[in-house]
Number of protein chains: 2
Amino acid sequence: MINVSVLGYGTVGSGVVEVLDTNRDSINKRAGNEINVKYVLDLRDFPGTPIQEKVVHDFSVIVNDPDVQIIVETMGGVHPAYEFVKEALEKGKSVCTSNKELVAKYGAELLEIARKKKVNFLFEASVGGGIPIIRPLNQSLTADEIEEITGILNGTTNYILTKMTDEGSAFEEVLKDAQEKGYAERNPEADVEGYDACRKIAILTSLAYGMQVDYEDIYTEGITKITDIDIKYAKAIGASIKIFGTSKKVGNKVYAMVTPMMIDRNNPLYNVNDVFNGIFVRGNLLGDVMFYGKGAGKLPTASAVVADVVDAAKHLGTNIMTIWSSKKLELASFDEASNKFFVRLSGDKNSLFEQVKNEFGDVKEVTAGVDSEYAFITDVMTESEFKEASQKFDNMVSRIRVGF
Amino acid sequence: MINVSVLGYGTVGSGVVEVLDTNRDSINKRAGNEINVKYVLDLRDFPGTPIQEKVVHDFSVIVNDPDVQIIVETMGGVHPAYEFVKEALEKGKSVCTSNKELVAKYGAELLEIARKKKVNFLFEASVGGGIPIIRPLNQSLTADEIEEITGILNGTTNYILTKMTDEGSAFEEVLKDAQEKGYAERNPEADVEGYDACRKIAILTSLAYGMQVDYEDIYTEGITKITDIDIKYAKAIGASIKIFGTSKKVGNKVYAMVTPMMIDRNNPLYNVNDVFNGIFVRGNLLGDVMFYGKGAGKLPTASAVVADVVDAAKHLGTNIMTIWSSKKLELASFDEASNKFFVRLSGDKNSLFEQVKNEFGDVKEVTAGVDSEYAFITDVMTESEFKEASQKFDNMVSRIRVGF
């Protein structure tokens, strides 16, 4: 029997207990051993529930119990999750977590402790919810040098953009609806400003290149400025607007960013809609692969955590090698990143045409029946070139990077 | 240093050597050791090439060399691949193969030998080419009970169906073009009759349920009867025709089949076109995930084989548990499988309407401007119910299962 303890009995934590219970037989078979939940750490009691006897309020009970081999951390937030996980690993327990903030910030350090202690620190659920992406990156795409990772990594913002597209509604309206349905948090900042996607692309990029990517270094732009009119233009040319977390290797430089992107049907992520996530990976020999599924939700996320528990159970006493050192990966300057840009200027095309040509070169006009605007897509230019040209226009209504 | 030997220097085998060479540094880092190709077994010599010194014609040289720890089998076909792989495993060498015929037929037995000998038998490349699917099924989706696996598992037939759809051309015409381009074999039977997809869905189903699925038990229907007129109808209702390998668990029964299917835009496989493969998996808690990428081709397939080599190198002396016993999984009778059906009858709707209603119940007419035909989609019915009803019509031009 292998004893597991769950830290935090919120949505994901209670999901973990439910998954272990629902699929007990098949999970035990796959783990090659019986998995038992010994303790649940939470501030609350849960009288009258099946876990009432297992609840403890003091982490030291768990971490000092030599019978506990695996700890599931589903509290979220960096503190005290970091201190708890670190102590657990140091005391020779494997840890499985869904906590992207923790992994993005302390992944390299915690992996190193796990390696030294011959235990495992696993975090499949921290990116893409139920979609297998961490283990494939770590164990399947090992013959390739990764040239690009681009993902729709946040279900809430993808839901909002999908609804805006399908219904022609404004951002604020859809956000309110999403909050009422429980798809968006009361405080939606982490999602709509791209912070959540930023931590996730930091984790994926660290794993792809085996070095620490600090999420603070990643240029991050959310979807709060995307309007129904932007989407109207996108639809007029058969495109859609998504928010991508991306990292790309160009020569020896790695660029990483989180930004809204206008993409067309040829992009494999074009059809990833609603709360679904999709993660596209390009290998130098493999070509393109994509992983798709529910990026959030109680049971999909808990399923990924439990898959880690099964893996930890199969590897008691052996560390599964993960290349992610604490050596910092210096990202290339965002100013040098290059893209096409979709631009909307207020005013009349005829009066703007010459100036646009002078500043942006030959552009491709986009029309969507919007009055008093001149909208176009530029050729590929760097961020700094674009910034410089933009400063000449105080009538710029919006600009969105273009991925086709 | 870990010594690898490659059996068969054809497309995939030479690709393996190329992948190991091109990405040497990153592969060695991920493997935690230097990977060296010691021998290449082939009937031919390759004078003047970098492998000329490594070529041997006698398998016993390789299998009896104690320095060889990992064998890559890329010969294809069941014999002598089976005898070679078995002997290699018995002599304590891990084997990585791209050979779906071998895995479908002898997977359970070879895995059992590997388990006993504490080595590994790995076959990521046998399904989906470069797409990670075997390892995710085996190691990532372990918290779930698998309810369905549906895949576009054969790139050649997907290419043919895509071209027929895009260009409105007939099957024979597109096949000829595909053969000229090297996308289809001179003898295309294994692809167009569905035999290749059949072995692949047999492997995936065996892994999902941990028991042996004999591919001979799987109802298999190819695409040779799909016509440009069928596709015209599909397009008229916004659907497309794909060939799917599918297995589904309904209650305690598992159904498996390979057949063309008419699907609509809501199916995540709808946009998997050209030579791409897509594999959709539904878990009872996880929900739906999909894996997408190049299902064939020299380097993508070789990349998957080399990922197995890296995994074998990381697990020298330890067996990676795979649940696939030799206990036979008795598939449910195909007669009891149920679907909707798209049906075309020659003749006049008015004169057929009553008889159709009597035999098939209420149907939904499909029109595509084809003269002298009555085409419709039935409600859900079992294969045997459909067969019985069909026998009343000697004017049935075609029938295709419908997945929406």
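Glycine residues also receive a Cβ, built from the backbone N, Cα and C atoms like all the rest.
Annotation comment: TrEMBL describes B:K200 as active site, proton donor. There are 26 other Cβ atoms within 10 Å of the Cβ belonging to B:K200 (active site, proton donor).
Sequence annotations record features per position, and here TrEMBL assigns NADP(+) binding site to B:L7, B:G8, B:Y9, B:G10, B:T11, B:V12, B:G13, B:S14. Non-local neighbourhood of B:G10 (NADP(+) binding site): B:T74, B:M75, B:G76, each in the same chain, at least six residues away, with C-beta under 8 Å from its C-beta.
Classification of B:K100 (NADPH binding site) by DSSP places it within a helix. A C-beta separation below 8 Å, combined with a sequence spacing of at least six in one chain, links B:K100 (NADPH binding site) to B:F123, B:S126, B:V127, B:D196, B:R199, B:K200, B:I203. The annotation NADPH binding site is assigned in TrEMBL to B:K100.
According to its DSSP assignment, B:E185 (L-homoserine binding site) is coil. Non-local neighbourhood of B:E185 (L-homoserine binding site): B:T156, B:Q179, B:D191, each in the same chain, at least six residues away, with C-beta under 8 Å from its C-beta. Residues or ranges marked as L-homoserine binding site by TrEMBL: B:E185.
TrEMBL lists B:8-124 with the feature domain 'Aspartate/homoserine dehydrogenase NAD-binding'.
What TrEMBL lists as domain 'Homoserine dehydrogenase catalytic' is B:132-310.
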Spatial neighbours of B:S14 (NADP(+) binding site) that are distant in sequence (at least 6 apart) but have CB under 8 A: B:K298
Other same-chain residues whose Cβ falls within 8 Å of the Cβ centroid of B:L7, B:G8, B:Y9, B:G10, B:T11, B:V12, B:G13, B:S14, the recorded NADP(+) site, in sequence order: B:V6, B:G15, B:V16, B:D42, B:T74, B:M75
Helix-strand-coil residue split for the domain 'Aspartate/homoserine dehydrogenase NAD-binding' (B:8-124), DSSP-based: 54 helix, 21 strand, 42 coil
Cβ-Cβ distance under 8 Å to B:T11 (NADP(+) binding site), same chain, at least six residues away: B:K298, B:T301
All-chain count of other Cβ atoms within 10 Å of B:G13 (NADP(+) binding site): 25
Model confidence over the domain 'Aspartate/homoserine dehydrogenase NAD-binding' (B:8-124), averaged pLDDT: 97
Cβ-Cβ neighbours of B:V12 (NADP(+) binding site) (radius 10 Å): 28
